[in-house]
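*Asks:* Submitted below is the structure of interest, expressed as C-alpha coordinates.
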Amino acid sequence: MSHVELQPGFDFQQAGKEVLAIERECLAELDQYINQNFTLACEKMFWCKGKVVVMGMGKSGHIGRKMAATFASTGTPSFFVHPGEAAHGDLGMVTPQDVVIAISNSGESSEITALIPVLKRLHVPLICITGRPESSMARAADVHLCVKVAKEACPLGLAPTSSTTATLVMGDALAVALLKARGFTAEDFALSHPGGALGRKLLLRVNDIMHTGDEIPHVKKTASLRDALLEVTRKNLGMTVICDDNMMIEGIFTDGDLRRVFDMGVDVRQLSIADVMTPGGIRVRPGILAVEALNLMQSRHITSVMVADGDHLLGVLHMHDLLRAGVV
(Lines of atoms letter the chains of each structure in order from A and count residues from 1; the text may use other names and numbers.)
(Lines give C-alpha, C1' and ligand atoms only; values in the text may rest on other atoms or scores of the structure.)
Protein backbone atom coordinates (compact mmCIF):
# COMPACT_ATOMS: atom_id res chain seq x y z
CA MET A 1 0.00 0.00 0.00
CA SER A 2 1.42 3.39 -0.99
CA HIS A 3 1.79 6.14 1.58
CA VAL A 4 -1.49 7.93 2.29
CA GLU A 5 -1.83 11.32 3.93
CA LEU A 6 -4.15 11.60 6.91
CA GLN A 7 -7.31 13.44 5.93
CA PRO A 8 -7.62 16.82 7.67
CA GLY A 9 -10.08 16.59 10.53
CA PHE A 10 -10.41 12.82 10.38
CA ASP A 11 -12.31 11.75 13.52
CA PHE A 12 -10.82 8.56 14.96
CA GLN A 13 -13.27 8.56 17.87
CA GLN A 14 -16.28 8.72 15.57
CA ALA A 15 -14.89 5.89 13.46
CA GLY A 16 -14.42 3.79 16.57
CA LYS A 17 -17.92 4.54 17.86
CA GLU A 18 -19.41 3.52 14.52
CA VAL A 19 -17.75 0.12 14.88
CA LEU A 20 -19.17 -0.33 18.37
CA ALA A 21 -22.64 0.68 17.20
CA ILE A 22 -22.59 -1.82 14.31
CA GLU A 23 -21.31 -4.66 16.47
CA ARG A 24 -23.80 -3.89 19.26
CA GLU A 25 -26.60 -4.15 16.73
CA CYS A 26 -25.28 -7.47 15.45
CA LEU A 27 -25.01 -8.88 18.97
CA ALA A 28 -28.58 -7.83 19.73
CA GLU A 29 -29.72 -9.84 16.70
CA LEU A 30 -27.73 -12.85 17.91
CA ASP A 31 -30.32 -13.38 20.63
CA GLN A 32 -32.68 -15.04 18.12
CA TYR A 33 -30.12 -17.80 17.54
CA ILE A 34 -30.07 -18.86 21.19
CA ASN A 35 -32.74 -21.41 20.39
CA GLN A 36 -33.39 -25.15 20.50
CA ASN A 37 -30.23 -25.77 18.51
CA PHE A 38 -28.29 -23.98 21.24
CA THR A 39 -29.85 -26.32 23.80
CA LEU A 40 -28.92 -29.36 21.69
CA ALA A 41 -25.33 -28.14 21.36
CA CYS A 42 -25.06 -27.61 25.11
CA GLU A 43 -26.49 -31.06 25.81
CA LYS A 44 -24.00 -32.74 23.47
CA MET A 45 -21.14 -30.89 25.16
CA PHE A 46 -22.47 -31.54 28.67
CA TRP A 47 -22.75 -35.29 28.14
CA CYS A 48 -19.51 -35.57 26.17
CA LYS A 49 -17.33 -38.35 27.64
CA GLY A 50 -14.20 -37.06 25.92
CA LYS A 51 -13.20 -33.53 24.98
CA VAL A 52 -14.66 -30.72 22.95
CA VAL A 53 -12.41 -30.29 19.90
CA VAL A 54 -12.61 -26.86 18.25
CA MET A 55 -11.54 -26.22 14.64
CA GLY A 56 -11.36 -23.12 12.48
CA MET A 57 -9.25 -21.50 9.77
CA GLY A 58 -7.89 -17.96 9.68
CA LYS A 59 -9.72 -15.52 11.95
CA SER A 60 -12.18 -18.28 12.82
CA GLY A 61 -9.19 -20.26 14.03
CA HIS A 62 -8.13 -17.43 16.35
CA ILE A 63 -11.67 -17.30 17.74
CA GLY A 64 -11.66 -21.09 18.04
CA ARG A 65 -8.47 -21.08 20.08
CA LYS A 66 -9.96 -18.61 22.52
CA MET A 67 -13.20 -20.61 22.63
CA ALA A 68 -11.37 -23.84 23.46
CA ALA A 69 -9.37 -22.07 26.17
CA THR A 70 -12.56 -20.68 27.71
CA PHE A 71 -14.24 -24.08 27.66
CA ALA A 72 -11.21 -25.73 29.26
CA SER A 73 -10.99 -23.21 32.09
CA THR A 74 -14.70 -23.34 32.91
CA GLY A 75 -15.22 -27.06 33.34
CA THR A 76 -15.53 -28.33 29.76
CA PRO A 77 -12.29 -30.10 28.74
CA SER A 78 -11.36 -28.79 25.31
CA PHE A 79 -8.53 -28.19 22.87
CA PHE A 80 -8.03 -26.61 19.45
CA VAL A 81 -6.95 -28.48 16.33
CA HIS A 82 -5.89 -26.66 13.16
CA PRO A 83 -7.92 -28.14 10.25
CA GLY A 84 -4.89 -28.16 7.95
CA GLU A 85 -2.87 -30.13 10.50
CA ALA A 86 -5.88 -32.37 11.18
CA ALA A 87 -5.83 -33.43 7.52
CA HIS A 88 -2.22 -34.52 7.94
CA GLY A 89 -2.38 -36.63 11.07
CA ASP A 90 -3.71 -34.49 13.90
CA LEU A 91 -7.21 -35.86 13.34
CA GLY A 92 -5.89 -38.87 15.22
CA MET A 93 -6.40 -36.82 18.39
CA VAL A 94 -10.16 -36.95 17.85
CA THR A 95 -12.14 -39.94 19.16
CA PRO A 96 -15.82 -40.96 19.00
CA GLN A 97 -16.10 -39.88 22.65
CA ASP A 98 -15.34 -36.28 21.64
CA VAL A 99 -17.52 -33.52 20.22
CA VAL A 100 -16.19 -31.36 17.38
CA ILE A 101 -17.08 -27.69 17.01
CA ALA A 102 -16.17 -26.44 13.53
CA ILE A 103 -16.21 -22.69 12.85
CA SER A 104 -16.49 -20.92 9.50
CA ASN A 105 -18.47 -17.77 8.78
CA SER A 106 -19.09 -18.82 5.17
CA GLY A 107 -19.68 -22.43 6.15
CA GLU A 108 -17.62 -23.48 3.14
CA SER A 109 -14.10 -23.81 4.56
CA SER A 110 -12.53 -26.41 2.27
CA GLU A 111 -10.12 -27.52 4.99
CA ILE A 112 -13.06 -28.33 7.27
CA THR A 113 -15.46 -29.77 4.68
CA ALA A 114 -12.70 -32.20 3.69
CA LEU A 115 -12.68 -33.54 7.26
CA ILE A 116 -16.43 -33.97 7.65
CA PRO A 117 -16.69 -37.40 5.92
CA VAL A 118 -14.01 -38.77 8.24
CA LEU A 119 -15.72 -37.31 11.32
CA LYS A 120 -18.98 -38.89 10.18
CA ARG A 121 -17.26 -42.24 9.67
CA LEU A 122 -15.86 -42.00 13.21
CA HIS A 123 -19.36 -41.13 14.51
CA VAL A 124 -18.05 -37.95 16.12
CA PRO A 125 -20.87 -35.49 16.95
CA LEU A 126 -20.40 -32.33 14.88
CA ILE A 127 -21.49 -28.84 15.89
CA CYS A 128 -20.93 -26.21 13.20
CA ILE A 129 -20.96 -22.47 13.87
CA THR A 130 -21.49 -20.50 10.66
CA GLY A 131 -23.14 -17.36 9.37
CA ARG A 132 -24.99 -19.21 6.61
CA PRO A 133 -27.70 -21.76 7.53
CA GLU A 134 -27.75 -23.02 3.92
CA SER A 135 -24.00 -23.69 3.79
CA SER A 136 -22.34 -27.07 3.33
CA MET A 137 -21.13 -27.16 6.92
CA ALA A 138 -24.53 -26.17 8.31
CA ARG A 139 -26.23 -28.96 6.36
CA ALA A 140 -23.65 -31.54 7.40
CA ALA A 141 -23.74 -30.66 11.09
CA ASP A 142 -25.57 -32.62 13.75
CA VAL A 143 -26.26 -29.23 15.29
CA HIS A 144 -25.91 -25.89 13.52
CA LEU A 145 -25.45 -22.66 15.48
CA CYS A 146 -26.12 -19.61 13.35
CA VAL A 147 -24.12 -16.42 13.92
CA LYS A 148 -25.35 -14.50 10.89
CA VAL A 149 -24.70 -10.76 11.04
CA ALA A 150 -26.26 -7.98 8.96
CA LYS A 151 -22.92 -6.39 8.10
CA GLU A 152 -19.28 -6.33 9.04
CA ALA A 153 -18.01 -3.26 10.89
CA CYS A 154 -15.31 -3.00 8.23
CA PRO A 155 -16.59 -0.43 5.67
CA LEU A 156 -15.23 -2.62 2.87
CA GLY A 157 -17.21 -5.57 4.18
CA LEU A 158 -14.07 -7.68 3.94
CA ALA A 159 -12.27 -7.82 7.31
CA PRO A 160 -14.04 -10.20 9.72
CA THR A 161 -15.26 -7.92 12.51
CA SER A 162 -18.93 -8.25 13.46
CA SER A 163 -18.91 -11.90 12.40
CA THR A 164 -15.94 -12.85 14.58
CA THR A 165 -17.41 -10.93 17.52
CA ALA A 166 -20.70 -12.79 17.12
CA THR A 167 -18.86 -16.13 16.99
CA LEU A 168 -16.81 -15.28 20.06
CA VAL A 169 -19.93 -14.30 21.99
CA MET A 170 -21.71 -17.50 20.93
CA GLY A 171 -18.74 -19.43 22.32
CA ASP A 172 -18.95 -17.50 25.58
CA ALA A 173 -22.68 -18.24 25.75
CA LEU A 174 -21.98 -21.97 25.39
CA ALA A 175 -19.20 -21.89 27.98
CA VAL A 176 -21.16 -19.98 30.61
CA ALA A 177 -24.35 -21.98 30.07
CA LEU A 178 -22.35 -25.17 30.65
CA LEU A 179 -20.57 -23.62 33.63
CA LYS A 180 -23.94 -22.93 35.25
CA ALA A 181 -25.31 -26.37 34.36
CA ARG A 182 -22.30 -28.06 35.97
CA GLY A 183 -22.48 -25.97 39.14
CA PHE A 184 -18.90 -24.89 38.44
CA THR A 185 -17.49 -22.89 41.37
CA ALA A 186 -14.74 -20.35 41.93
CA GLU A 187 -12.74 -23.13 43.63
CA ASP A 188 -13.09 -25.28 40.50
CA PHE A 189 -11.91 -22.33 38.40
CA ALA A 190 -8.88 -21.90 40.65
CA LEU A 191 -7.80 -25.51 40.07
CA SER A 192 -7.16 -24.70 36.42
CA HIS A 193 -5.54 -21.35 37.28
CA PRO A 194 -3.04 -22.22 40.06
CA GLY A 195 -0.55 -19.65 38.79
CA GLY A 196 -2.98 -16.75 38.80
CA ALA A 197 -3.94 -14.41 41.61
CA LEU A 198 -7.33 -16.09 41.96
CA GLY A 199 -5.71 -19.51 42.14
CA ARG A 200 -3.38 -18.40 44.91
CA LYS A 201 -6.24 -16.92 46.90
CA LEU A 202 -8.48 -19.96 46.53
CA LEU A 203 -5.92 -22.75 46.78
CA LEU A 204 -3.04 -21.64 49.00
CA ARG A 205 -3.42 -22.65 52.63
CA VAL A 206 -1.69 -21.43 55.77
CA ASN A 207 0.29 -24.66 56.19
CA ASP A 208 1.76 -24.15 52.70
CA ILE A 209 3.62 -20.98 53.71
CA MET A 210 3.85 -20.85 57.52
CA HIS A 211 7.13 -21.02 59.47
CA THR A 212 7.68 -24.34 61.23
CA GLY A 213 10.29 -26.14 63.32
CA ASP A 214 13.36 -24.10 64.20
CA GLU A 215 11.93 -21.09 62.38
CA ILE A 216 9.24 -20.65 65.06
CA PRO A 217 10.19 -17.99 67.65
CA HIS A 218 9.32 -19.38 71.08
CA VAL A 219 10.47 -19.20 74.71
CA LYS A 220 9.33 -20.69 77.99
CA LYS A 221 7.27 -18.74 80.49
CA THR A 222 10.27 -18.65 82.85
CA ALA A 223 12.45 -16.78 80.33
CA SER A 224 13.55 -13.24 81.02
CA LEU A 225 12.30 -10.40 78.87
CA ARG A 226 15.88 -10.04 77.60
CA ASP A 227 15.96 -13.64 76.39
CA ALA A 228 12.57 -13.22 74.75
CA LEU A 229 13.79 -10.12 72.91
CA LEU A 230 16.82 -12.03 71.66
CA GLU A 231 14.47 -14.71 70.27
CA VAL A 232 12.36 -12.03 68.57
CA THR A 233 15.42 -10.58 66.83
CA ARG A 234 16.90 -13.98 65.93
CA LYS A 235 13.76 -15.24 64.20
CA ASN A 236 12.94 -11.82 62.72
CA LEU A 237 9.16 -12.22 62.79
CA GLY A 238 8.41 -9.36 65.17
CA MET A 239 7.11 -11.67 67.90
CA THR A 240 7.71 -14.74 70.01
CA VAL A 241 5.34 -17.36 71.34
CA ILE A 242 5.46 -18.34 75.00
CA CYS A 243 4.87 -22.07 75.35
CA ASP A 244 5.77 -25.08 77.49
CA ASP A 245 8.00 -28.04 76.68
CA ASN A 246 5.16 -29.66 74.71
CA MET A 247 4.67 -26.54 72.55
CA MET A 248 1.37 -25.75 74.25
CA ILE A 249 0.67 -22.04 73.89
CA GLU A 250 0.62 -19.91 77.03
CA GLY A 251 0.90 -16.48 75.47
CA ILE A 252 2.49 -14.21 72.90
CA PHE A 253 4.81 -11.21 72.96
CA THR A 254 5.11 -8.85 69.99
CA ASP A 255 7.08 -5.74 69.13
CA GLY A 256 3.88 -3.83 69.90
CA ASP A 257 3.94 -5.26 73.43
CA LEU A 258 7.55 -4.10 73.76
CA ARG A 259 6.57 -0.51 72.98
CA ARG A 260 3.92 -0.68 75.67
CA VAL A 261 6.49 -2.00 78.17
CA PHE A 262 8.75 0.99 77.47
CA ASP A 263 5.78 3.32 77.98
CA MET A 264 5.30 1.82 81.46
CA GLY A 265 8.66 3.28 82.54
CA VAL A 266 9.76 0.11 84.36
CA ASP A 267 13.21 -1.49 84.49
CA VAL A 268 12.99 -4.02 81.67
CA ARG A 269 16.06 -5.83 83.01
CA GLN A 270 14.07 -7.03 86.00
CA LEU A 271 11.09 -8.37 84.06
CA SER A 272 10.32 -11.93 83.02
CA ILE A 273 8.37 -12.61 79.86
CA ALA A 274 5.47 -13.85 82.00
CA ASP A 275 5.12 -10.29 83.39
CA VAL A 276 4.48 -8.69 80.01
CA MET A 277 3.16 -11.36 77.64
CA THR A 278 -0.38 -11.39 76.30
CA PRO A 279 -2.01 -14.61 77.57
CA GLY A 280 -3.56 -16.86 74.96
CA GLY A 281 -3.33 -14.85 71.77
CA ILE A 282 -4.93 -15.02 68.35
CA ARG A 283 -4.28 -18.18 66.39
CA VAL A 284 -5.47 -19.81 63.17
CA ARG A 285 -5.77 -23.41 62.03
CA PRO A 286 -3.18 -24.68 59.53
CA GLY A 287 -5.75 -25.85 57.00
CA ILE A 288 -7.56 -22.56 56.44
CA LEU A 289 -7.01 -20.57 53.26
CA ALA A 290 -4.15 -18.11 53.38
CA VAL A 291 -6.54 -15.37 52.28
CA GLU A 292 -8.71 -16.09 55.34
CA ALA A 293 -5.68 -15.60 57.58
CA LEU A 294 -4.93 -12.38 55.71
CA ASN A 295 -8.45 -11.09 56.33
CA LEU A 296 -8.15 -11.89 60.03
CA MET A 297 -4.76 -10.20 60.34
CA GLN A 298 -5.99 -7.09 58.56
CA SER A 299 -9.13 -6.88 60.69
CA ARG A 300 -7.11 -7.24 63.92
CA HIS A 301 -4.30 -4.94 62.69
CA ILE A 302 -1.61 -7.54 63.37
CA THR A 303 1.37 -8.54 61.24
CA SER A 304 1.82 -12.10 62.49
CA VAL A 305 -0.36 -14.86 63.86
CA MET A 306 0.19 -18.19 65.57
CA VAL A 307 -0.83 -21.35 63.73
CA ALA A 308 -2.15 -23.98 66.09
CA ASP A 309 -4.27 -27.05 66.60
CA GLY A 310 -6.18 -25.92 69.65
CA ASP A 311 -3.43 -24.79 72.05
CA HIS A 312 -0.72 -26.84 70.35
CA LEU A 313 1.66 -24.55 68.43
CA LEU A 314 2.38 -25.71 64.88
CA GLY A 315 3.80 -22.62 63.22
CA VAL A 316 3.78 -18.87 62.76
CA LEU A 317 2.50 -16.88 59.79
CA HIS A 318 3.78 -13.37 59.03
CA MET A 319 2.32 -10.79 56.66
CA HIS A 320 5.55 -10.95 54.64
CA ASP A 321 4.85 -14.63 53.93
CA LEU A 322 1.51 -13.66 52.41
CA LEU A 323 3.16 -10.93 50.36
CA ARG A 324 5.81 -13.31 49.01
CA ALA A 325 3.14 -15.86 48.11
CA GLY A 326 1.19 -13.23 46.17
CA VAL A 327 -1.90 -13.48 48.37
CA VAL A 328 -1.85 -9.77 49.22
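For all residues, glycine too, the Cβ spot is worked out from N, Cα and C.
Annotations for this protein, taken from Swiss-Prot, read as follows:
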- 75-76, H82, H88, 114-123, 148-150, T222, D275: substrate binding site (BINDING)
- H82: Zn(2+) binding site (BINDING)
- 42-184: domain 'SIS' (DOMAIN)
- 210-268: domain 'CBS 1' (DOMAIN)
- K59: site 'Catalytically relevant' (SITE)
- E111: site 'Catalytically relevant' (SITE)
- E152: site 'Catalytically relevant' (SITE)
- H193: site 'Catalytically relevant' (SITE)
*Asks:* Given the recorded positions K59, H82, E111, H193, state which is nearest to V149 (substrate binding site) when distance is taken between Cα atoms.
*Replies:* K59
*Asks:* Rounded to the nearest angstrom, how far is the Cα of L122 (substrate binding site) from the Cα of H82 (Zn(2+) binding site)?
*Replies:* 18
*Asks:* In angstrom units, rounded to an integer, how far apart are the Cα atoms of H88 (substrate binding site) and K59 (site 'Catalytically relevant')?
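*Replies:* Here the two Cα atoms lie 21 Å apart.
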*Asks:* For K59 (site 'Catalytically relevant'), identify the closest of the binding-site residues I116, L122, D275, judging by Cα separation.
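*Replies:* Nearest in space to K59 (site 'Catalytically relevant'), counting only the binding-site residues, is I116.
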*Asks:* Restricting to the chain of I116 (substrate binding site) and a gap of 6 or more, list residues whose Cβ falls under 8 Å of its Cβ, or answer none.
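*Replies:* Counting only residues 6 or more apart in sequence, the Cβ neighbours of I116 (substrate binding site) under 8 Å are A102, L126, M137, A140.
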*Asks:* Rank aside, I only need the closest one: which of the recorded sites E111, E152, H193 has its C-alpha nearest to that of L122 (substrate binding site)?
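*Replies:* Going through E111, E152, H193 one by one, the Cα closest to that of L122 (substrate binding site) is E111.
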*Asks:* Based on Cα distances to G75 (substrate binding site), point out the closest of the recorded sites E111, E152, H193.
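*Replies:* Considering only the listed recorded sites, the nearest one is H193.
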*Asks:* Could you check the binding-site residues L119, L122, V149 and say which one's CB has the fewest neighbouring CB atoms inside 10 Å?
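*Replies:* If we count Cβ atoms within 10 Å for the binding-site residues L119, L122, V149, the smallest count is at L122.
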*Asks:* Near H193 (site 'Catalytically relevant'), which residues of its chain come within a Cβ-Cβ distance under 8 Å, counting only those 6 or more away in sequence?
*Replies:* S73, G199
*Asks:* Find the one among the recorded positions E111, L119, D275 whose C-alpha lies closest to that of E152 (site 'Catalytically relevant').
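*Replies:* For E152 (site 'Catalytically relevant'), the spatially nearest of the recorded positions is E111.
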*Asks:* Sort the residues of the domain 'CBS 1' (210-268) into helix, strand and coil with DSSP and give the three counts.
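*Replies:* Across the domain 'CBS 1' (210-268), DSSP assigns the residues as follows: 25 helix, 16 strand, 18 coil.
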*Asks:* Can you grab the distance from D275 (substrate binding site) over to E111 (site 'Catalytically relevant')? Cα atoms, rounded to a whole Å.
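*Replies:* For D275 (substrate binding site) versus E111 (site 'Catalytically relevant'), the Cα atoms are 82 Å apart.
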*Asks:* Find the average pLDDT over the domain 'SIS' (42-184) in the predicted model and report it.
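*Replies:* Averaged over the domain 'SIS' (42-184), the predicted model reaches a pLDDT of 97.
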